[in-house]
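Record features (TrEMBL):
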BINDING   171, 222, 270, 395, 417  cyanocob(III)alamin binding site
DISULFID  26-246  disulfide bond
DISULFID  143-182  disulfide bond
SIGNAL    1-20  signal peptide
């Protein structure tokens, strides 16, 4: 009955509880609501006791209203028990927001994140733009916990953004907008007016950068970046010069869903809050129903026992033949990993066996993305990046930490677009 009622609702962007924050109005037509319900159920089915606990999925479930409460509880318990020493700044921030949206106390995770951000600085002012993604999530999570304590950290972050020479990609710009909008809306009474002017200027620049990526059909950047961009453009106090047609974006996204573009959990977690009229700014305001303190159990499927039969040998090649780059190489190594492992496991095993395969990652909305291999890093100004392929087929598993794969040959090519 409740599900049927949900299908009849038109989801509207609502007015927020602060005078500085307005939301653009767009909705999912009632006839299309089953599409939204369908991808949410698909996302929730990805949660198993054998899967990597994904905080983005839990945030999406909590903002949307979970159908599978057992999966919701499982993710919550796993994230509560997660080891912060293994998390990047962005992953830790997402974990804190996931627990907050579950009405759970993140414990010392927030203090750890605060200390990390007090000492954070980019390696240089021309750092690749995605390097700002994780710290932006950190500012957002800290703002939601204690904006007054976060104010000097956020101000320093905003000044660094103003000085950086690299243009922000759509995902990073969207999270910067959400983080600084949170700070803008929660500047403590009596604070210097210069904080508001600083955040306003950075927001204006960032929102303009997002708006130039709005395509004629309403997609912002690409179809997977659109969910975060919708969140950002719906709440920012600084409006872009180019008018955004929210409903056109919504209608195009729904068409993409019909065509099966949103088929994995991370893609769905990115778009679902926007489809439900929510943003990451709503994380502290989720209403949680009482539950029993009984640890949930979900089927461990499909996960065979760790025997030799469950392992695969992956032939992994790293290749750079790009002219103008000093370090040229083509190296191959065989590694044995459990079938269904994520790419990060393959890279770590290769690095363990041979230092020629060392790599670095950056945090993005999809998770950890490989940004550097063998001391060669992607560069937005040179339009170069690392691409993973199986044969000649590009893999989405450039996202290293969430998406399982079973390919027996993978190649990392340094390439130019």
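Heads up, the Cβ atoms here are built off N, Cα and C, so glycines get one too.
Bear in mind that TrEMBL entries carry predicted annotations, made automatically and left uncurated.
If you count neighbouring Cβ atoms within 10 Å for each of the disulfide-bonded residues 26, 182, the highest count belongs to 182. Of all the disulfide-bonded residues listed (143, 246), 143 sits in the most crowded Cβ setting, with the most other Cβ atoms within 10 Å. Taking every protein chain shown into account, 171, 222 are the binding-site residues, and of these the Cβ with the most other Cβ atoms within 10 Å belongs to 171. Geometry remark: residue 246 (disulfide bond) versus residue 222 (cyanocob(III)alamin binding site), CA distance 15 Å.
Taking the Cα atom of each, residue 26 (disulfide bond) and residue 270 (cyanocob(III)alamin binding site) are about 17 angstrom apart.
If you measure from the Cα atom of residue 171 (cyanocob(III)alamin binding site) to that of residue 182 (disulfide bond), you get 17 Å.
Distance from the CA of residue 270 (cyanocob(III)alamin binding site) to the CA of residue 182 (disulfide bond) is 19 Å. Cα spacing between residue 270 (cyanocob(III)alamin binding site) and residue 143 (disulfide bond): 21 Å, rounded to the nearest whole number. Counted within 10 Å of its Cβ, the other Cβ atoms near residue 270 (cyanocob(III)alamin binding site) come to 23, all protein chains included.
Rounded to the nearest whole angstrom, the C-alpha distance between residue 143 (disulfide bond) and residue 222 (cyanocob(III)alamin binding site) is 28.
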